[in-house]
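S.K.: One structure, as structure tokens, below. Some questions next.
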Amino acid sequence: MSILETFDPQVAEAIRHETERQEYNLELIASENFVSEAVLEAQGSVMTNKYAEGYPGKRYYGGCHHVDVVENLAIERAKELFGADHANVQPHSGSQANMAVYFSVLKPGDTILGMNLSHGGHLTHGSPVNFSGRFFNVVPYGVSQETETIDFNEVERLALEHKPKMIVVGASAYPRTIDFAAFRIIADKVGAVIMVDMAHIAGLVAAGLHPSPVPYAEFVTTTTHKTLRGPRGGMILCREEYAKTLNSNIFPGIQGGPLMHVIAAKAVALKEALQPEFKAYQAQIVKNAKALADELVKRGFRLVSGGTDNHLMLVNLTGTELTGKVAEESLDKAGITVNKNTVPFETRSPFVTSGFRIGTPAATTHGLKEAEMADVAGFIAEALANVDNDAKLAEIKGRVNVLMKRFPLYAHRLS
């Protein structure tokens, strides 16, 4: 038995069950991924014990020379990977990364343009229930009703009318390529700075499969998980002129001591992202997403904007009796994990929704390829045709488990 199993069998059991879920179920939540053993080892290291307020070479505590090494590695690797002037790897999350950027250039009450949450944006892009919507005057933009892609005519009209100090670009549920150059043109017309939140597409950007926002934005934020396949955390890239202000808005502005074990894991993940095989992995994510989208359309599902250019797609259930909530719950019983999601021009509550979101990063990490996407689409279609039949859903789960056992990832942790 392990030390944890001996001392705290309840926690050990929960970890084991979660490992089994990740190993044998089909993980299709677009914002989730599975890290490598090297990342897990770094995050579970003694770096967790060290307080290191401040920045490398300028700490408020002694004994920081080793943690300085890993933070400097993470910074330099991030700059190399994305071609950025400056990187801050201390944010605990993507939300705190966004908060630090806002506080670097905005005052309470300033106007920002951000993507409407129900059109694919994120809570921190100005949702009224979030700090971003409470501190700032938010003008939301969205997608065209005809194409379900970003309506740049609307973005320009709103920018000219409201003269925002910042335009927030990026999304949590947008399946198409984002035209950063078009946003830059609009921002320059009104003297606005741009913050791009590339949390979902950072891995694709790193691999050259999505245009980079770095040349077009004063600030770029990201999480280090999702497509980047690192530990849960945040990161900020910015132009050199903003580096000092940005750093002070992370510490001491909104955070105290950084999580050095997580920063060590970020450094490892960023090294992985610099390897040639990472580009092949990201290409497979996109191939799988396109294959899965095609297979779902063949089976009669309607996808927001008709398909995908990246790692995710949104299934639109408007006009059917199904809700996103029922779809999520039914698929979970079938061993398939997705999340309910609002769709553009949503008519249902965000707790019910008219859609669900699917992403391929985690399944691709397991090793699934285009050939398996037909099976995955079949499982989804069959499960959603049997939402009231628990026995059938359990039978589908058995077949999902058989499929996933062909693609082991953490099986050695269960032996």
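Positions of Cβ are set from backbone N, Cα and C atoms, glycine also.
The following feature annotations were taken from Swiss-Prot:
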{"type": "BINDING", "residues": "Leu117, Gly121, His122, Leu123, Glu241, Ser349, Pro350, Phe351", "note": "(6S)-5,6,7,8-tetrahydrofolate binding site"}
{"type": "MOD_RES", "residues": "Lys226", "note": "N6-(pyridoxal phosphate)lysine"}
{"type": "SITE", "residues": "His225", "note": "site 'Plays an important role in substrate specificity'"}
S.K.: Among all protein chains shown, how many Cβ atoms are found within 10 Å of the Cβ of Gly121 ((6S)-5,6,7,8-tetrahydrofolate binding site), not counting that one?
M.R.: 24
S.K.: Between the Cα atoms of Glu241 ((6S)-5,6,7,8-tetrahydrofolate binding site) and the residue listed as 'N6-(pyridoxal phosphate)lysine', find the distance and write it as a whole number of Å.
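M.R.: Cα-Cα distance, Glu241 ((6S)-5,6,7,8-tetrahydrofolate binding site) to the residue listed as 'N6-(pyridoxal phosphate)lysine': 29 Å.
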S.K.: How many neighbouring Cβ atoms, not counting its own, are there within 10 Å of the Cβ of Pro350 ((6S)-5,6,7,8-tetrahydrofolate binding site)?
M.R.: 13
S.K.: Taking DSSP three-state, what's Ser349 ((6S)-5,6,7,8-tetrahydrofolate binding site) in: helix, strand or coil?
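M.R.: Going by the DSSP assignment, Ser349 ((6S)-5,6,7,8-tetrahydrofolate binding site) belongs to neither helix nor strand, so it counts as coil.
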S.K.: I'm trying to understand the geometry here, so how far is the Cα atom of Lys226 (N6-(pyridoxal phosphate)lysine) from the Cα atom of Leu123 ((6S)-5,6,7,8-tetrahydrofolate binding site), in Å to the nearest whole number?
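M.R.: Approximately 17 Å lies between the Cα of Lys226 (N6-(pyridoxal phosphate)lysine) and that of Leu123 ((6S)-5,6,7,8-tetrahydrofolate binding site).
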S.K.: Can you count the other CB atoms that lie within 10 A of the CB of Leu123 ((6S)-5,6,7,8-tetrahydrofolate binding site)?
M.R.: 16
S.K.: Cβ distance under 8 Å to His225 (site 'Plays an important role in substrate specificity'), same chain, sequence separation 6 or more: which residues?
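M.R.: Result: Ser31, Glu32, Asn33, Val35, Pro231, Arg232, Gly233.
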